[in-house]
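Enquirer: One structure coming up, written as structure tokens, with questions to follow.
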Amino acid sequence: MSCCKVPVLIEAQVEMVSANELENKSLFRQEEDATQTKEASLMEQGSLSTSFPQHTPKAPKNSVLNSIKIVIFCNKLNLLLPFGPLAILVHYMIDSKGWVFLLTLVGITPLAERLGYATEQLACYTGPTVGGLLNATFGNVTELIISIFALKNGMIRVVQLTLLGSILSNMLLVLGCAFFCGGLVFYQKDQVFDKGIATVNSGLLLMAVMGILFPAVLHYTHSEVHAGSSELALSRFSSCIMLIAYAAYLFFQLKSQSNSYSPLDEESNQNEETSAEDEDPEISKWEAIIWLSILTAWVSLLSGYLVDAIEGASVSWNIPIAFISTILLPIVGNAAEHAGAIMFAMKDKLDLSLGVAIGSSIQISMFAVPFCVVIGWMMGQQMDLNFQLFETAMLFITVIVVAFFLQEGSSNYFKGLMLILCYLIVAASFFVHEDPHQDGI
């Protein structure tokens, strides 16, 4: 019996050993598979990091003379810079308001473009969040400076019409020219853009229309609780709400949904590296800050002469102040954005064109307009959001038309032509419109 039990025990031990070996092999294979998976993921991350390298801007080593050369002499538009000092000379020697206004208007044009350039250079060193705030602040600094000078002089209607004209110009003329030029270059197809972003922007513009529409309706229906004061109180309250909404929009754009607002290039890795190299700043951070200060001071100086000459230019040229404030001034302030939007559209980067045109309209309607109401509140000026019935209706119809054109998420040269023709109708309407506040107040 004992002899029979020995082989059985041996067989049991052999089976146990083989089972242990199988378990060890399976564990070893699992560890090996996990190691290979980790290595593969690391290799994939490494390949991604090499394909899309983190680009850090390299500060150029410029001298003062080289910085002056880059900012002043490397842009053909700066050939118009001498018109600014010439306007000041004409003001003191001839005192012709019409010529002072015209020369100042031309002299401010390159300064507005250089302000945008200096802002972009400084944004290269600050990162996307602060850079976005800089662009939001200095993107329409020319209109803000002109508006503050006019507000200081009590010319509330000039402030309202200038800001309104800038919104209309960006939505119709700038966007229309971008659609038209981009459509001519790519005439065989419809250019596409992000429909979701366009919907959010249209909603913000409609909110701005709401803030401007209700004080006008309250005024013309004579339904104020306290005549004269309820309209102003509503405007100031709505302005604070609009500023909060704009701050939330900036957070949404720069933080919460930053990926949606920074579309990736659909080109190859080589184009990605090329675009990263193009974003390297041309001047240093402190040079950009100094140039921003100089250009802002120069724009402020010329804006004072410009505002003083508006009424005289209107009389000498026999042109309504409403047309000068709504059409001529915004075209100068939007000159840089106009060129940038067209350039992006001709490169089939329509999201950037919309960011320039519609984004600037949002900045003015949701930031500049309520900001001027708050500044006027501090100055003791009774600026409100009642832009009068004609102007408010013009803004409302324009926003509806633009939102209708953006709802499909595509554009062509015909849509651009329609927007340009709409702007011509707006310009003609303001040319024959008699402003009830002829004194600018």
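Every residue gets a Cβ built from N, Cα and C, even glycine.
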Enquirer: Are Y92 and E434 on one side of the membrane in Swiss-Prot?
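Expert: Both are annotated on one side of the bilayer.
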Enquirer: Going along the chain, which residues at least six beyond the ends of the topological domain 'Extracellular' (151-166) come within the CB cut-off of under 8 Å?
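Expert: Tertiary neighbours of the topological domain 'Extracellular' (151-166) are 140, 143, 307-308, 310, 321-322, 325-327, 329-330, 333-334, 360-361, 364-365, 368-369, 372, 375-376, 379, 381-383, 387, 391, 394-395, 430, 435, 437, 440-441.
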Enquirer: Are there residues at least six beyond either end of the transmembrane segment (385-405) with Cβ under 8 Å to its Cβ atoms? List them, or say none.
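Expert: Cβ under 8 Å, 6 or more out: 160-161, 164, 167-168, 171-172, 175, 202, 205-206, 208-209, 211-216, 218-220, 231, 234-235, 238-239, 326, 358, 369-370, 373, 411, 415, 418-419, 422, 426, 429, 433, 435-437.
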Enquirer: Could you give me the DSSP helix, strand and coil counts for the topological domain 'Extracellular' (218-231)?
Expert: 5 helix, 0 strand, 9 coil
Enquirer: Among 197-217, 232-252, 287-307, 355-375, which stretch has the highest count of C-beta pairs below 8 Å with the transmembrane segment (98-118)?
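Expert: The listed stretch sharing the most Cβ pairs with the transmembrane segment (98-118) is 287-307.
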Enquirer: Between 197-217, 287-307, 312-332, 355-375, who has the most Cβ pairs under 8 Å to the transmembrane segment (232-252)?
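Expert: Comparing 197-217, 287-307, 312-332, 355-375 against the transmembrane segment (232-252), the winner is 355-375.
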